[in-house]
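Reading through the structure tokens given below for one structure.
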Amino acid sequence: MFSQLWAMAPWAGDIVQSVAQLSAGQEARGAVDAFWLLASAALLWRLATTMAMPPYARWLASALYLSLPMTSALAGGMQAELPATTILLALALAVAEAPARPDVRVFCSISMLAALMLAIKTGFLAATIPIGIWLLIRWRGRVPARAILPALVLVIFIAASSYVYAYLISGNPMLPLFNGIFHSPLIPQDNFSGTPYKAGGGITSPWLMTFHTHLFSECWDGAAGMSFLGLIGASIAALFMRKLRPLALVATVAFLIPFEAINYYRYAYPALVLMIPVTVAAASTLLTRRTGITVLTMMIGLNLLYQGCSYYTLHDATFLKHKTWSKEKLFKRFAPERSIAEFIRQHSDTDTAVLCDPGRPFYAELAGRGLTISSYDTELSKLFVFEVEQDPNGNAWRGLFAKVGARYAVTTESKRSPALTAALSDASKIRQIGAIELWLLPVTTETSNLLQSRDLAAMKFRP
């Protein structure tokens, strides 16, 4: 069992972020996010040149990407789709500029980029495969024999560590995905789907994604921008233009595969960005210069109008309202669990805390000493649903606290159930920040080795 279901998933994008943060000695996402953002804009411009687009269209292609509401949301966080978009554009550019004959250096470069995509997130395989097929078609199915071994070594070096580690620990290299195939005994034997978005695909998807975006993401309607629907005619036309068809097909397939499997907009975002250059190229071909500039500029303007729909800090103008606040004050207002975690760390470096609200599983800062009853922890989540909340006297909650050896409980005042309230009757509320409460649980004579029993790496490699 795992305290964090995604603990073994590949997260190369976060590793890059950690280098910047450790170098700065504090949270410092801006520099890395700015790099990915500007690199993507530059790659779009360069990709547009391979399609012989006029200079105005190249600039508008980059501007269209930068104007997307989701771009603004990703540029302020650590989601994998921001670096993946950059790498995907680099992959497409490498194939578009590849020589007509197989080349060892080009093949190794493309293999490195593909490996980096897989090191960022397993799901990006859906976007990587179509680009690989495009390269094989360009090279008529021939791959330089001398490139296979070095390319394989590069892929293993860049991408294999997370997958090998997950396999050695759990028997499933893609844990928690595809466990219906690999049957790891550590989690339920089914193919995990980590998103509640099941709006369905079909011909109405562009309309729904534009005007009912909340069906596809945790956002407000309009977060997908207007250009996806507004320029869909140009996107379709690109499929029938000989020069644009290869990239248009690649982007379409890269969008459809993940979107049909999981109707989640953010997962499809990199492929939609990949569609931008062919869409703009088709529009600039079909329309006069003046009309093309007018239409594309209008799409950019409409996208900018919906910036606030993509994320709550933009929607509520949080930065403008609270730009003079200190970090501590911001945490207390918007991330009270971080202040609670800091309080716990100041008072103990060994005690365990349980976050008792499944809707607020924000326990990362407790660094292995925090547990959640949400779906991230399948064992405790099952106990919560089928046992703990069914006991109105609170004894089952007390049993859970004893099972994990908890010294603290973190609750949300408005979400505290009668069963949990009963269980906390002999606990002391020692801190409250907004609606978030911290309870000091009574000391028990019962000992627990749950956290030690979950240290699978220690049991396997340091028995």
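Going from the start of the chain as shown, residues are counted 1 onward.
Keep in mind that glycine also has a Cβ here, set from the backbone N, Cα and C atoms.
TrEMBL entries are annotated by machine, without manual review.
TrEMBL assigns the feature transmembrane segment to residues 295-314, out of the candidate ranges 35-54, 295-314. Of the two recorded stretches, the transmembrane segment (56-75) lies close to the transmembrane segment (295-314), with three or more CB pairs under 8 Å once pairs fewer than 6 apart in sequence are set aside. Residues 57, 60, 63-64, 67-70, 72-73, 76, 213, 219-223, 225-227, 230-231, 280, 283, 287 of the same chain lie 6+ residues outside the transmembrane segment (295-314) yet bring a C-beta within less than 8 angstroms of a C-beta in it.
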